[in-house]
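Trainee: From TrEMBL, here are the annotated features:
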- 26-188: domain 'AAA' (DOMAIN)
- K34, G35, G36, V37, G38, K39, S40, T41: ATP binding site (BINDING)
Amino acid sequence: MFNSISNQASKLINLTKNKQRVSKTKLLTITSGKGGVGKSTFTGNMAYLLSSRGFKVAIIDADIGLANMQVLFDMKPKYTLFDYIEGKVTIDEVLLKTPYKNISLVAGKSGYQYSNHSNSFVFARIVDDIISLNEYDIVLVDTGAGLNEYVKEFLSISNNILAVTTTDPSALTDLYALIKMLSKDKEQLMLCFNHTKNHQIGNTISNSLINLAKKNRLNDNFMVKYIGNVSTSANISTTGRLRKLFSYEFKNDDSTKQLQAIIDTLLKNIK
Ligand SMILES: Nc1ncnc2c1ncn2[C@@H]1O[C@H](COP(=O)(O)OP(=O)(O)OP(=O)(O)O)[C@@H](O)[C@H]1O
Ligand SMILES: [Mg+2]
């Protein structure tokens with residue numbers, strides 16, 4: 001029963017996937033191949049820096065089953081994405097106010113057994129519902145690591161994707177797998193490097209990836225755009241442990257300035 005309803009809904013969603021959105025809300029999905037590279041740290045702090053520039057931001061913790069964005073915002077969420085999916089709360093109720101002005105969070109839930117909702121589109125539906133509110137300037141979707149069907153679904157509905165990576169060979173191997181997949185039907189991937197002190201290193205590695213993509217004859221129209229780097233910083237790990245945002249606590253830190261520069265370039269590229 002649930003499956004047949006899901007199949008019908010899935011078809012409808014596919015039909016509407018490519019339709020022009022009229023909302024002012026931009027969508028940015030943050031992803032990576034490898035885990036632990038700094039996606040959630042970037043997402044939370046980018047949200048704060050965007051809000052301090054006057055944007056109204058919603059974050060969706062789309063790391064199905066391993067949610068941790070509420071930790072970064074030091075919140076004990078009353079409702080989670082799953083309450084919304086299960087129809088227990090409205091979209092306004094599930095968009096929780098964070099301690100930071102103009103940032104709302106749709107929290108995830110750690111340890112959630114999502115086999116009840118085997119269709120990934122059920123989760124991604126919330127993105128369109130938030131965009132339809134036309135209330136937020138930007139929605140940041142923090143995905144989990146890897147390329148499971150949930151991550152793929154959130155990527156498939158997003159026209160702005162930011163990959164976070166490190167220079168670690170295994171992270172770069174996973175990143176290339178992501179590039180390969182996205183090149184099939186996306187126009188571009190924005191790329192930033194974490195734990196990388198030297199801006200030029202990110203640029204050089206990005207160019208190598210682009211050359212590899214050319215050599216392997218991936219879609220010519222697909223662009224990988226390097227948008228900056230963040231160094232390793234003790235302030236980032238300490239604030240993370242203390243459930244605080246480094247960009248708020250250390251406004252003049254190099255890492256905050258590096259993330260600001262990433263946002264400058266991101267805002268020029270976002271569609
Ligand atoms: N530039 C940095 N300097 C120091 N510590 C960092 C930096 N970036 C992230 N960290 C720390 O690394 C850890 C992993 O970061 P984070 O949780 O953001 O990664 P993630 O990609 O979201 O992981 P997952 O794939 O598990 O979701 C955290 O403890 C965070 O504080
Ligand atoms: Mg994370």
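Backbone N, Cα and C atoms are what each Cβ position is placed from, and that goes for glycine too.
TrEMBL labels come from automatic prediction, so no person has curated them.
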Trainee: What are the non-local neighbours of S40 (ATP binding site), defined as same-chain residues 6+ apart in sequence with CB under 8 A from its CB?
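Mentor: The answer is D63, N68, M69, L72, D142.
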Trainee: Please list residues from the chain of K34 (ATP binding site) whose Cβ is under 8 angstroms from its Cβ, counting only those at least six apart in sequence.
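Mentor: Set apart from K34 (ATP binding site) by at least 6 residues yet with Cβ under 8 Å, we have A145, T165, T166, D168, S170, A171, D174, L175.
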Trainee: Just to be sure I understand the packing, how many Cβ atoms besides its own are within 10 Å of the Cβ of G38 (ATP binding site)?
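Mentor: Other Cβ atoms within 10 Å of G38 (ATP binding site): 21.
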Trainee: Looking at the domain 'AAA' (26-188) alone, can you tell me the average pLDDT?
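Mentor: Computed over the domain 'AAA' (26-188), the mean pLDDT is 94 on the 0 to 100 scale.
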Trainee: Using the recorded ATP site (K34, G35, G36, V37, G38, K39, S40, T41) as reference, state which further residues of the same chain have their Cβ within 8 Å of the centre of those residues' Cβ atoms, listed in sequence order.
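Mentor: For the ATP site the neighbour list reads S32, F42, A145, V164, N194.
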Trainee: Those binding-site residues, K34, K39, S40: which ones have a Cβ sitting under 6 Å from ligand 1?
Mentor: K39, S40
Trainee: Test of understanding: give the count of other CB atoms lying within 10 angstroms of the CB of K39 (ATP binding site).
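Mentor: The Cβ of K39 (ATP binding site) has 23 Cβ neighbours within 10 Å.
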Trainee: Can you list which of the binding-site residues G36, V37, K39 have their Cβ under 6 Å from some atom of ligand 2?
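Mentor: Among G36, V37, K39, near ligand 2: K39.
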